[in-house]
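Each remark here refers to the structure printed beneath this line.
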Amino acid sequence: MDRFVSVFEDNNLVVAFAVVGALMLLSGWLSRKLTHGRLQGSAIAILLGLGLAYWGGEATGGEDGLADYAVFSGLGLMGGAMLRDFAIVATAYGVDLREIRRAGLSGALSILLGVVTSFVAGAVVAAFFGYTDAVSLATIGSGAATYIVGPVTGTAVGASSDVIALSVAAGLVKSVVVMVGTPLIAPLIGLNNPKSAMAFGGLLGTTSGVAGGLAATDKRLVPYGAMTATFYTGVGCLLGPSVLYVTLRAIVGG
Amino acid sequence: MVLYGVAALAVCLLVGTLIGELLGVAVGVDANVGGVGFAMIMLVLVTHWLRGKGRFPEATAQGVLFWSAMYIPIVIAMAATQNVAKAVTGGPMAILAGLAALAAGAALVPAVARIGGTAEPLPPLTEHEKQEA
């Protein structure tokens, strides 16, 4: 048994790849069986991940979720800031400059407006729940943008781990409600053509949420929404810890 | 070579992060200001330029695409290592923040989509397309 455990501990990153792979496989199956593909497998996998992190934290009393178990410590490296930023930058590859121009003024504006709107909405809600410091407000506001922008902003401005976890939760809630809610609100907001789909992708930004939500609405809209949504997290990572945080700090004073 | 793509990605992230650090010092915040964002812009520009010159072959691209594909699994690992136990005390807040962001963003869609002229709705799906979907 000890030898078994030490093999896992010595190969912790490899264990993490296998664990996440198993989690995604299970999530994909749950997505097809329980939600008929309505809720994307990746969203279910993230939900399961947060659930396991809760369980790990409760059981060990540590701060790193499931990675507090030594055999799962590789998850800390795999999901740590270094590889996370590496993968985020990689997603920018293949973005065609001609398509950027085609998205045009409304697409570009929708991304900026979307980041600012989500940031303000999230920060206002956080303020209602008693947060007064600029660091926590900016992190939760950024989390309301996407579950990537939250941790990136939180790490940059030095937020506590629990506030970062809250920002991930807010971003995840957004991703899930966008996926489930898009077909319901599509008729109300005129989401029936490529142009509005691009505006929608830029305003909501959560790539898995937008891609899943648009697929459930009209799959022909997916590439248009995904095109602008792809930029959202990058713009959010650019603005969150900089302009938005500095502005917020000037307003609430520290 | 696959590694060239990975190395290009690494250089972009390192340079972007350094710029972010310097900008943080410049604006007086103890934070990395948009390093990831700068790295993304750099990667798009550099790979576009190299592709144009035919110096970014398929194998090199695979090195970048692999990490792009690892984005969701890494986010899942990240979720599994968050301090959720401590965060659930603020549960309703996360839900409200997420819902507020959706409501505010969706409400702006009609206005933003109108910029530069309105667009015609797509024709209804044909029976054949419905079956494919």
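Going from the start of the chain as shown, residues are counted 1 onward.
Just so you know, glycine gets a Cβ as well, placed from its N, Cα and C.
As given in TrEMBL:
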- A:6-251: domain 'Malonate/sodium symporter MadM subunit N-terminal' (DOMAIN)
- A:12-30: transmembrane segment (TRANSMEM)
- A:39-57: transmembrane segment (TRANSMEM)
- A:69-95: transmembrane segment (TRANSMEM)
- A:107-129: transmembrane segment (TRANSMEM)
- A:135-157: transmembrane segment (TRANSMEM)
- A:164-185: transmembrane segment (TRANSMEM)
- A:197-217: transmembrane segment (TRANSMEM)
- A:229-252: transmembrane segment (TRANSMEM)
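Long-range contacts of the transmembrane segment (A:39-57) within the same chain: residues 20, 23-24, 26-28, 30-32, 63-69, 72, 147, 165, 168-169, 172, 175-176, 179-180, 208-209, 211-212, each at least 6 residues beyond the stretch ends and with a Cβ under 8 Å from a Cβ of the stretch. In this chain, the transmembrane segment (A:229-252) lies in contact with the transmembrane segment (A:107-129); the count of Cβ pairs under 8 Å, excluding pairs fewer than 6 apart in sequence, is at least 3. Distant neighbours of the transmembrane segment (A:229-252): 88, 91-92, 95, 100, 111-112, 114-116, 119, 123, 132-135, 137-138, 141-142, 145-146, 148-149, 152-153, 156-157, 201-202, 204-207, 210-211; these residues of the same chain sit at least 6 beyond its ends, with a Cβ under 8 Å from one of its Cβ atoms. Residues of the same chain lying 6 or more positions beyond the ends of the transmembrane segment (A:69-95) and with a Cβ under 8 Å from any Cβ of it are 5, 8-9, 11-17, 19-20, 56, 59-60, 148, 151-152, 155, 230-231, 233-234, 237.
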